[in-house]
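Structure, as structure tokens:
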Ligand SMILES: Nc1ncnc2c1ncn2[C@@H]1O[C@H](COP(=O)(O)OP(=O)(O)O)[C@@H](O)[C@H]1O
Ligand SMILES: [Mg+2]
């Protein structure tokens, strides 16, 4: 694996959630959650469906704002940032991988990846070169001109991971990255995430797959009904 | 900006359907607007422009020459800005009717100079008169006449046409030197005035009162009447096109709004992904603005070209004869549409784009598309309780899932149906008007007996040129009465007559005996019962500014007969003034009939009748029954048809787009339905039903709307300007054109538009494989 994926020296706090509460019009998704994630860690959030895992991830990504409490990433209080500020924060600091890939259907695989680099001001030729490197490392370089609709689920998720990594994010967020994949593709994505963490990539991972959690994560946080029910360190298998 | 451009360009290219639909809708709308605006602009402006350039007369007054010495002094009277004259006025007539290339007796004005304080006549060919025996004709530039011709006069002698000139205020038919006018025995003098206040007819009347006090006034002509006459052709189109232009614009705005907000809703997840990637809110908005504005710019450019191509000839027709060189749609209309249309689209797009800007990313990404999830089931449950087929009840529920989109779609259908209703109504009204004004009476024939007074023969091929009755008027009438199958004969004489003070000749038809079987219907007042009474067309009143009950003076070969207007008839081809034989006797004593309208027994043998007429007097001619539609009616009906197709098409495209979006969003639902055994035919019928329901609702609302607009348009286009005549002269006939079958069929037009738009995407959805449907995100 390459060695240029960013990650601070282990120990520095990357994510800090303090007494975070998130309400929707008809429900409370998170209720008094505090959590700290340090650089180099791989944290898996687990819990039953509807317990608030995705909500937690979205708050960390600055895709949503808490009703109360604060979210800080790399020492920056997201609550102080405007929408535009959040967008700029996302493009530089965060890489995201979703259960259902969320690639842009209008663009072929390579452009999906390169676009994210262009957003941070990288010139188009460099962006494409970097995107191609990543696709190559993830084994989907041969599909670079294919549109997402024609890719298999595993291929789509690898393109999505490449897109998430293209700006060397401080934090990689993954929301059930294997949830929509067959077991073999899921296995490969798991290996990929593990490799990334081992070379220093900080990782926040939502899953309800016990195997994924124990294999990739150094710490497991269990969420039930919007509260952290249990935290445990993992001796990786 | 690079990243914005990249994504927007990909969306424009990859969502070809959406791009093309937006482009086409804008294209058609822009073309409609260019045509409508072009006609509107050209219908009034050229006259005012030309009138100002020439310092045209607001009031042309004719006085008896006895007061000629006092006329110049009227220039100082109240309200007069400038005056010119007095000019001696004389009638002049060519020995053969068409010697001047224009019909009948001309009013020649003695003027030494085409310039002056008022009415600076443009000499556009040849030169101004310089001596006796010379004449300059008043013709609009471009008239197919060349100077140089020598014309023999009816009273002996001859004149040479030395030039052609044009007076926008139409102060004369021709000009000669003052000495020449006097030599021809002028008894009247013309004064031309520019008035300080001249905006309304009342202003002109005040000016007239001011300049004529204490003077023997014979007649006047207001520039407003001249303007009305010039704008008249366009005048009928204007209300009609204004309404169609407005409808086109409304349909366009609605469709674009629907299209663009549809694009945003369809892009719900797309927007979420862009935001997750780090697109700022403004960048997201920019993506969506570029996505719709780009095809709109292309559509507008095409639309302006199309509008110019189609509208140009229409505009040229409308301004023909103004004497101004107008070459088509004014440039500023093109410019306004080129700038305005994309701006309009951008503004319409702004609202949903702002929504895209504000949209929280988290919900968009995880929720995908599930809005309305709460509303649909309740309606759906209610519908499935009915006895409708399952696919139909499912289909009817679809619009409730997206109420805003359904409302916009329905609104486009409403306007589409309103347009169809209006177009049908206008066509029926135009037809009804024509039939009423010029009824086709199957058992009547016209027999031509002489060249109508002043009508030039069109050359040796003209059948009229051989008309030369061998018998006298009374004997000809006797021959006709004796012919087989004849029930009645009415003699008439058609003459070109002028009104004292005006320069326009009017076609006047005089009837001998009881004309009730052959004359047009009287809408207001009564049919003339005695000499000195006339009925006139409604248009005549607008042209002259006269009203029912007024008295005016007919003039022919120096003879003047005052007549009172006692009735109003609809416009018709037999003439704009209708009178009795006694009036003709006072005007042209000893005239013979120029035509006989013969009523035949319905079973009569027409050939036998024609043979008997030919045997009795070979110099009179049985004419074939009159038929055909006036060119104006043709233009209105074809414009109505064209615009109906265009606007109906835009509405159908709106439905098309809605169905494309609906089926795309419900792809997974459709897949599920098919996986549990719904046949493609059921899927098609479900999707089509969903839109047919909307179409019916749209039709039921659009019908009354179209009928109201029709009423407004007919009132505005009716050739009447006097409010008290409005109700009596715009008869029910023109308004009550919708009969029961039409009223039932028109709302179905809404269903038709909806089904037309829905069918293609519905069948596409039906053919989609289950695997593809379920696989899609
Ligand atoms: N955009 C939203 N609007 C309203 N409620 C929401 C929204 N997103 C999530 N929720 C609710 O918040 C709770 C937690 O949801 P989520 O974080 O998606 O759970 P998980 O990812 O653990 O399955 C659920 O009850 C869900 O219905
Ligand atoms: Mg979730």
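FYI, residue positions are counted from 1 along the chain as it appears here.
Glycine is no exception: its Cβ is also placed from the backbone N, Cα and C atoms.
Residues annotated as domain 'ABC3 transporter permease C-terminal' in TrEMBL: B:243-360, B:644-769. Residues or ranges marked as domain 'MacB-like periplasmic core' in TrEMBL: B:406-614. The transmembrane segment annotation in TrEMBL covers B:20-41, B:236-265, B:286-311, B:331-351, B:408-433, B:633-662, B:683-703, B:740-760.
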Taking residues 6+ outside the transmembrane segment (B:683-703), which of them lie with a CB under 8 Å of any CB in it?
389, 391-392, 394-399, 406, 409-418, 420-421, 655, 658-659, 662-663, 670, 673-674, 743, 746-755, 757-759, 761-763, 765-766
Quick test of the contact rule: Cβ under 8 Å, at least six residues beyond the ends. What residues does that give for the transmembrane segment (B:740-760)?
413-414, 416-417, 420-421, 424, 428, 648, 651-659, 684, 687-688, 690-692, 694-700, 702-703, 706
If we skip the immediate neighbours and take only residues 6+ beyond the ends of the transmembrane segment (B:20-41), which ones have a Cβ under 8 Å from one of its Cβ atoms?
234, 237-238, 241-242, 244-246, 248-249, 251-252, 255-256, 259-260, 292, 295-296, 298-300, 302-304, 306-308, 310-312, 314-315, 318, 328-330, 332-334, 336-337, 341, 345, 643, 646-647, 649-650, 653-654, 656-657, 660
Residue list, the transmembrane segment (B:331-351) vs rest of chain: Cβ under 8 Å, 6 or more residues beyond ends.
22, 26, 29-30, 33-34, 37-38, 41, 252-253, 256-257, 260-261, 288-289, 292-293, 296-297, 299-301, 303-304, 307-308
Spatial neighbours of the transmembrane segment (B:286-311) far in sequence, C-beta under 8 Å, 6+ residues away:
1, 4-5, 7-8, 11-12, 15, 19-20, 22-35, 38-39, 256, 259-260, 263-264, 267, 271, 274, 279, 328-329, 334, 337-338, 341-342, 345-346, 349-350, 352-353, 356
Residue counts (helix, strand, coil, in that order) that DSSP gives for the domain 'ABC3 transporter permease C-terminal' (B:644-769):
108 helix, 0 strand, 18 coil
Per DSSP, what is the residue tally for the domain 'ABC3 transporter permease C-terminal' (B:243-360) in helix, strand and coil?
101 helix, 0 strand, 17 coil
